[in-house]
Amino acid sequence: MKLLLLSALLGCLATAYAAPAEGIVKWCVKSEQELRKCHDLAAKVAEFSCVRKDGSFECIQAIKGGEADAITLDGGDIYTAGLTNYGLQPIIAEDYGEDSDTCYYAVAVAKKGTAFGFKTLRGKKSCHTGLGKSAGWNIPIGTLVTESQIRWAGIEDRPVESAVSDFFNASCAPGATMGSKLCQLCKGDCSRSHKEPYYDYAGAFQCLKDGAGDVAFIKPLAVPAAEKASYELLCKDGTRASIDSYKTCHLARVPAHAVVSRKDPELANRIYNKLVAVKDFNLFSSDGYAAKNLMFKDSAQKLVQLPTTTDSFLYLGAEYMSTIRSLKKSQATGASSRAIKWCAVGHAEKGKCDTWTINSFADGESKISCQDAPTVEECIKKIMRKEADAIAVDGGEVYTAGKCGLVPVMVEQYDADLCSAPGEASSYYAVAVAKKGSGLTWKTLKGKRSCHTGLGRTAGWNIPMGLIHQETNDCDFTKYFSKGCAPGSEVGSPFCAQCKGSGKAVGDEYRCKARSEEQYYGYTGAFRCLVEDAGDVAFIKHTIVPESTDGNGPDWAKDLKSSDFELLCQDGTTQPVTKFSECHLAKVPAHAVITRPETRGDVVSILLELQAKFGSSGSDSSFRMFQSSVEKNLLFKDSTKCLQEIPKGTKYQDFLGKEYMIAMQSLRKCSDSTSDLEKACTFHSCQQKE
């Protein structure tokens, strides 16, 4: 008995002593100087401990394996940490204050009076913060390769380091192979750590100051204020400027250093909360440790938590990722086939897309191939990553895609007469529909049940909720509607309460998902929600009632009459569904095809070619792009008569129009109405698309 009690007591003690370890943040450090600073932090704040590794790569491995929890990395290392074999994500960004917030400038610096510019760097000696780092390597070398100053055919020809060695006379690029020309100017072991005196921003500047190198690739703040007058910036146009002119003379503006960790929301919150709670210790000072930028950059002023869905790609942005890929030659080429990769959402769309691919085969290849994703947002991410090329989306999704750097290139036209003689921009009416005789009006919607095409979609959410927000100035729409179905909402939200799912009795993983398997998703889905009495009002497009009634609809709608429904007008009256031009919530832009700016030409030319063959009056009747058999509105809206090219250079704001942009800006005052993807795409001021 005593033995049992002793065992139990020891077990309790072990649990008691082990418990605090769960709350400890294990910080990974790369040098003895960082280790000293980390130990001083841990002495002040018991929730921190320190793990010493030789470099960033070893820290990334340690974090993946759970030996460490976090480290602050620059953009180049954030890219590496986010690769599939490591799977880490940025969770917290450094903020450098009003001038640059969560971004910083990458610049080229030389001593004043030296007679060369950025266009005449060949044969000079160079100082780099480190191999693969943003300001010190990726940006300057990427720029020199892009401008054809450094001649490099690609990794299959030779490593980029070899091309850089041929370009510069000698260099110090910590992390390069010891004994190579890239280590020739280094003062220590050429390691990518503070063991090398010329490592990092301060080290690269010291390399220049000591006369070892002619040019240093750093950030402006690396030049001490007292020494600015002795140095100049090298501008990309070949001119020079003062150090303080970095806003107009720089190589690029890049995302800030960020804390990375494993993909664990609870761990991310714990790390952030522990860091912001630190008192009596300056995280952003390296004074007294004989090195700079230890654990964090000394120029950081605060830390900002990132949206939970932010991954390395979204954090770094498409432009910076393209620069990194250009140095690794890992970007998708695909120029030889000219096939476009269409993104399909859900099984039904993938099935139609596969049929489109098969019918498009000619001369041994197809003009279309298919990628699939669970949601439109995931498709947008795939297009950004070059895993897909195009998708047709609603105006609200055009808005989000535009914020992420994509562009609208073709628009659905619903009037056949305008296909041959385009005039006014293609559009449709967003309407509110109720059952006739319900007594419901626009003025009496509060407390009722609502049916939406999807969260963030134009007719189904942005327009009606934007109008309601303008009336109430309240962002909590659950106070306005009692419940409803808005696919894409958080599970457990009142806006998921009325969703139907795929019809499975148990374990329905598609319930409330923004995809075709959710039977109340999209225009016809929202109308079905109203028909089956899951809601009192449906927010849809003006053509949906006539397309789904009077014998025109699917089986569930075969006995419906259009006269059994009515439109709710904003003035509190009701009208027959045929009076949409007089009774609507807004006239909005049609659905559009989105892609990356650089693939615009291919997407437009291939779609025009395929439309001539498979369009409404195409030459090949074996497949029709604008018809859906299994479900409605697959890939394109079934009411589409043709696709029309949007003039080159049209920004998403111009396509959506002033009224729609005003409605979106009003709705975006409600943070809950902004998707995590949009938040991630607009987090950095240097990544935002005007």
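Every residue gets a Cβ built from N, Cα and C, even glycine.
Between Cys343 and the candidates Cys379, Cys404, Cys419, Swiss-Prot annotates a single disulfide bond, the one to Cys379. Site annotation (Swiss-Prot): Fe(3+) 1 is bound by Asp74, Tyr201, His257, and the candidate from Tyr104, Tyr105, Tyr231, Tyr272 recorded at this site is Tyr104. Looking at the candidates Cys475, Cys485, Swiss-Prot gives Cys485 as the cysteine bonded to Cys499 by a disulfide.
Annotated Fe(3+) 2-binding residues in Swiss-Prot are Asp394, Tyr523, His591, and among Tyr428, Tyr429 the one listed with them is Tyr428. According to Swiss-Prot, the cysteine that forms a disulfide bond with Cys419, out of Cys186, Cys190, Cys207, Cys642, is Cys642.
Among the candidates Cys207, Cys249, the disulfide partner that Swiss-Prot records for Cys235 is Cys249.
Annotation note: Cys569 (disulfide bond) sits in a coil segment as assigned by DSSP.
For His591 (Fe(3+) 2 binding site), the nearest of the disulfide-bonded residues by C-alpha distance turns out to be Cys353; the candidates were Cys353, Cys451, Cys485.
Each of Gly75, Glu94, Thr129, Lys133, Ser134, Ala135, Lys219, Ala256, Asn293, Lys297 belongs to the same chain as Asp74, Tyr104, Tyr201, His257, is absent from that list, and has a C-beta within 8 angstroms of the C-beta centroid marking the Fe(3+) 1 site. Counting in whole angstrom, Asp394 (Fe(3+) 2 binding site) lies 6 from Arg457 (hydrogencarbonate 2 binding site) by their C-alpha atoms.
Secondary structure from DSSP puts Cys353 (disulfide bond) in a helix. Across the domain 'Transferrin-like 2' (340-669), the model assigns an average pLDDT of 93. Apart from Thr453, Arg457, Ala459, Gly460, the hydrogencarbonate 2 site neighbourhood in this chain, defined by C-beta within 8 angstroms of the site C-beta centre, holds Asp394, Gly396, Ala430, His452, Gly454, Thr458, Trp461, Asn462, Gly522, Tyr523, Ala526, Phe539, Ile540, Lys541. Closest in space to Tyr428 (Fe(3+) 2 binding site), of the recorded positions given as Asp74, Tyr201, Cys499, is Cys499, taking the CA atom of each residue. Summarising the environment of Tyr523 (Fe(3+) 2 binding site), the number of other Cβ atoms within 10 Å of its Cβ, over all protein chains shown, is 27.
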